[in-house]
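Relevant sequence annotations retrieved from Swiss-Prot are reproduced here:
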TRANSMEM  5-25  transmembrane segment
TRANSMEM  42-62  transmembrane segment
TRANSMEM  88-108  transmembrane segment
TRANSMEM  116-136  transmembrane segment
TRANSMEM  145-165  transmembrane segment
TRANSMEM  169-189  transmembrane segment
TRANSMEM  261-281  transmembrane segment
TRANSMEM  282-302  transmembrane segment
TRANSMEM  327-347  transmembrane segment
TRANSMEM  353-373  transmembrane segment
Amino acid sequence: MRKPINLLREFSVPLIAGVITALAWANLDPRGYDALIHQPSFGGVSLHFLVNELFMVLFFGIAAAEITQSCLPGGDLNPPRKAVNPLLATLGGVIGPVLVYLSLNAVIGDPTLTKGWGIPTATDIALAWLVARLVFGAGHPAVSFLLLLAVADDAIGLAIIAVFYPDPVHPTEPMWLFLTVAGIVAAYILRGARAKSYWPYVLVGGGLSWTGLFKAHLHPALALVFIIPFLPHPPRESAHLFEENPRDTSPLARFEHDWKIVVDFGLFLFGLANAGVRFSSVGTATWLVLTALLVGKTAGILTMGSLGKALGFPLPDRVGFKELALTGLVAGMGLTVALFVAGVAFVDPDIEGAAKMGALLSGGVLPVAVALGRILKVRRIP
């Protein structure tokens, strides 16, 4: 029997609880919610800052660790040929939503919404994994396919945040990025010195990287993305995504093991700090984001996955047209990264709230995907 604490993490209960709490609080007591989240009540900084610029360092650090492990020999994205179809599907899952978002906005003709194109590009790994297990069963190859797609999707999402979404209020000061480069150099030196703990990498390399990004008015939450790949790891990866190898005691594996539970439960605070939008916030940006997530993701993944198969890069066993289409629909669940991008894409709080509502409404994929799975008679594999 699985422990209750593992069940809570597996079913994303902390994140969902944070989102529900934020929605209820922001609509019942908006002043009280705003005072807690946005007022500088914690040593001169707000809870929103502590969550989005400090806690999210760990979230993106864990994502970087999973991507690094997947790219190692024996990992799920290595050798490259094995990953071609999921990577093509990932590309479709990014390009599709962008094209849908920008095309619809061109028809609407609202240039103030253009910057939101990056919001629907990322997939919420944890929630998509949960829904995929309900639709396909835990043992279905479509679940592993979706996980590979979601991890690669997150890698592209990190790049989009770093390149296309600088601080909307303060101009970028590139000179400070030398500190980030210094952090990378420090991590490289530590690796050469065979430092056996991840702490020097995180504190020295990560600290320099965070300070450089913060001073440059970029997103310090990405600080560890540049450091984690330097953590020592075994020459081959023997576990699949989200699996732990108890024999792997490398700094990379220990970092993920030690901080994954902190991140999983800390996502309650992320949901609380970022999902507090009023129901009256629904607007044009809501429908742009929601349509781009559901239609763009599904069409993009279905198109590029089918193209990969036609080019000789096969889909996994038991993944045909209907399974691929359902995978695309499930990948349209954008929450964590989508909320983060919405918060940095728009300065206007009304537009930001409307865009966040679109990301939140994508959670409605769950009952739709389960129902379609039964209608299409998708065979579940426990």
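Glycine is treated like the rest: Cβ placed from N, Cα and C.
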Contact between the transmembrane segment (88-108) and the transmembrane segment (261-281) is defined here as three or more C-beta pairs under 8 Å separated by at least 6 residues; is that satisfied?
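Judged by the Cβ rule, the two regions do not touch, with the required three close pairs absent.
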Which stretch from 42-62, 88-108, 145-165, 327-347, 353-373 shares the most C-beta pairs under 8 Å with the transmembrane segment (116-136)?
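Selected stretch: 327-347, with the most Cβ pairs under 8 Å.
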Test of understanding: applying the rule of at least three C-beta pairs under 8 Å (pairs 6 or more apart in sequence), is the transmembrane segment (169-189) touching the transmembrane segment (88-108)?
no
Does the transmembrane segment (353-373) reach the transmembrane segment (282-302) with at least 3 CB pairs under 8 A, where each pair is 6 or more residues apart?
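Counting Cβ pairs under 8 Å, at least 3, so yes.
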May I ask which of the stretches 42-62, 282-302, 327-347 has the most CB pairs under 8 A with the transmembrane segment (145-165)?
327-347
For the transmembrane segment (327-347), could you work out the same-chain residues 6 or more beyond its ends whose Cβ comes under 8 Å from its Cβ atoms?
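Residues 15, 19, 52, 56, 59, 89, 93, 115-116, 118-124, 126-128, 131-132, 135, 142, 145-146, 149-150, 153-154, 157, 160-161, 165, 167-169, 219, 221, 267, 270, 274-275, 285, 289, 293-294, 296-302, 305, 319, 355-356, 359-360, 362-363, 365-366, 368-369, 372.
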